[in-house]
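Q: Just dropping this structure here.
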Amino acid sequence: MPRPRLLAALCGALLCAPSLLVALDICSKNPCHNGGLCEEISQEVRGDVFPSYTCTCLKGYAGNHCETKCVEPLGLENGNIANSQIAASSVRVTFLGLQHWVPELARLNRAGMVNAWTPSSNDDNPWIQVNLLRRMWVTGVVTQGASRLASHEYLKAFKVAYSLNGHEFDFIHDVNKKHKEFVGNWNKNAVHVNLFETPVEAQYVRLYPTSCHTACTLRFELLGCELNGCANPLGLKNNSIPDKQITASSSYKTWGLHLFSWNPSYARLDKQGNFNAWVAGSYGNDQWLQVDLGSSKEVTGIITQGARNFGSVQFVASYKVAYSNDSANWTEYQDPRTGSSKIFPGNWDNHSHKKNLFETPILARYVRILPVAWHNRIALRLELLGC
């Protein structure tokens, strides 16, 4: 029989049977990162790089080999998760029907007089749900209460369920295989973080209050990351992409003055100042903004944002994406279901972020945004995501 090192090389090239690879004691040189626990699985093939073992990750890590730190806020607080993605079993209505404590208010640190979700007092099994629109790793939840007429209201305990289709839900379990009850809050404002023992793969996440103080009032955030781990900012916001690599079809000049130009190099997410975005010089579907990434990269998504011009709100409401490796031959991103150019939903105001992830990542050096619809003028700030 070949020596173990040679056998390992052969197995990597030829996909050995599980029983053969187990003989190598693959877990002896732990292939799991970040403290992950390697466990052999006899007579099973997991289907990725190695058969016959699996990695159990520490809290806050995910991936086949626990290679990804996975505790990013998923978008409730910053608005990346839209109101339409948040639902609940019921809503409390107070103050003569004028105050509605609806689920879309349940965003961490939201301010205001009515700033959280509360279920109806008649709801015997309340829940609030987030639709992430795609499968993601979910690794934890941050909860917070709120107040009504100076009364502290919060969840003291809750359960978490998750689903891939929005119909069949599984609860997170404890070591005794029972539905795990997570510790909640102790006052109206303090935040409490619960990290799951293992990440869950989910598109839908539900919180079920089980014990509450005064009322089951909630603001919260989900923690996790993308399944493929390739959704990092590529350098627009942090300026690692130089100005000269951001170009456009045209640029608007307020009052026709060069001093008041809305240059393509300003199209950086969250850029501040009086002139803080790219604005096209004319209206029409022939306008575009182009980013040169410097080399071919895997691009998995985009975050867009509008801007304000002397009080006038302006943004791109929908757009297409084109990509190229030579800046001469362009391909428009296709909707995998229809086979036609995909139109992505854009923004609805001048400041919120709108994230769109590609179902099929693209490999390209040059990326163009092609506005389809807009409010007032074509105005854009953005970040590209990938690795």
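Just so you know, glycine gets a Cβ as well, placed from its N, Cα and C.
Keep in mind it's a predicted model, so treat the numbers as computed, not measured.
What Swiss-Prot lists as disulfide bond is Cys27-Cys38, Cys32-Cys55, Cys57-Cys66, Cys70-Cys225, Cys212-Cys216, Cys230-Cys387. For 24-67, the entry in Swiss-Prot reads domain 'EGF-like'. Per Swiss-Prot, the feature domain 'F5/8 type C 1' maps to 70-225; the stated evidence is sequence analysis. What Swiss-Prot records for 230-387 is domain 'F5/8 type C 2', and it gives sequence analysis as the kind of evidence. For Asn228, Asn238, Asn325, Asn329, Asn350, the entry in Swiss-Prot reads N-linked glycosylation site. Positions annotated as phosphoserine by Swiss-Prot, on the basis of experimental evidence: Ser42. Taken from Swiss-Prot, the feature signal peptide covers 1-23.
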Q: Cα within 10 Å of Cys38 (disulfide bond) is the criterion; apply it to the recorded positions Cys55, Cys57, Cys70, Cys212, Asn325 and give the hits in sequence order.
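A: Passing the 10 Å Cα cut: Cys55, Cys57.
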Q: May I ask for the distance between Cys55 (disulfide bond) and Cys66 (disulfide bond), taken between their Cα atoms and rounded to an integer number of Å?
A: 7
Q: Among the recorded positions Cys212, Asn228, Asn350, Cys387, report those whose Cα falls within 10 Å of that of Asn238 (N-linked glycosylation site); none is a fine answer.
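A: Passing the 10 Å Cα cut: none.
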Q: Within 10 Å of each Cβ, count the other Cβ atoms and name the one among the glycosylation sites Asn228, Asn238, Asn325, Asn350 with the highest count.
A: Asn350
Q: Among the disulfide-bonded residues Cys27, Cys32, Cys212, Cys216, Cys387, which residue has the fewest other Cβ atoms within 10 Å of its own Cβ?
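A: Candidates: the disulfide-bonded residues Cys27, Cys32, Cys212, Cys216, Cys387. Fewest Cβ atoms within 10 Å: Cys387.
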Q: Nearest to Cys216 (disulfide bond) by Cα distance: which of the recorded positions Cys230, Asn325, Asn329 is it?
A: Cys230
Q: Considering only the recorded positions Cys57, Cys225, Asn228, Asn325, which residue has the minimal Cα-Cα separation from Cys32 (disulfide bond)?
A: Cys57
Q: Once near-sequence residues are set aside, which residues in the chain of Cys70 (disulfide bond), 6 or more away, have Cβ atoms under 8 Å from its Cβ?
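A: In sequence order, the residues whose Cβ lies under 8 Å from that of Cys70 (disulfide bond) (at least 6 apart) are Gly60, Tyr61, Ala62, Gly63, Trp137, Thr139, Pro199, Leu223, Gly224, Cys225.
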Q: Among the recorded positions listed here (Cys27, Cys230, Asn329, Asn350), which has the Cα closest to the Cα of Cys57 (disulfide bond)?
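A: Of the recorded positions Cys27, Cys230, Asn329, Asn350, Cys27 has its Cα closest to that of Cys57 (disulfide bond).
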Q: Looking at the recorded positions Cys66, Asn228, Cys387, which has the shortest Cα distance to Cys27 (disulfide bond)?
A: Cys66
Q: Spatially, which candidate from the recorded positions Cys66, Cys230, Asn350, Cys387 is nearest to Asn325 (N-linked glycosylation site), comparing Cα atoms?
A: Cys387
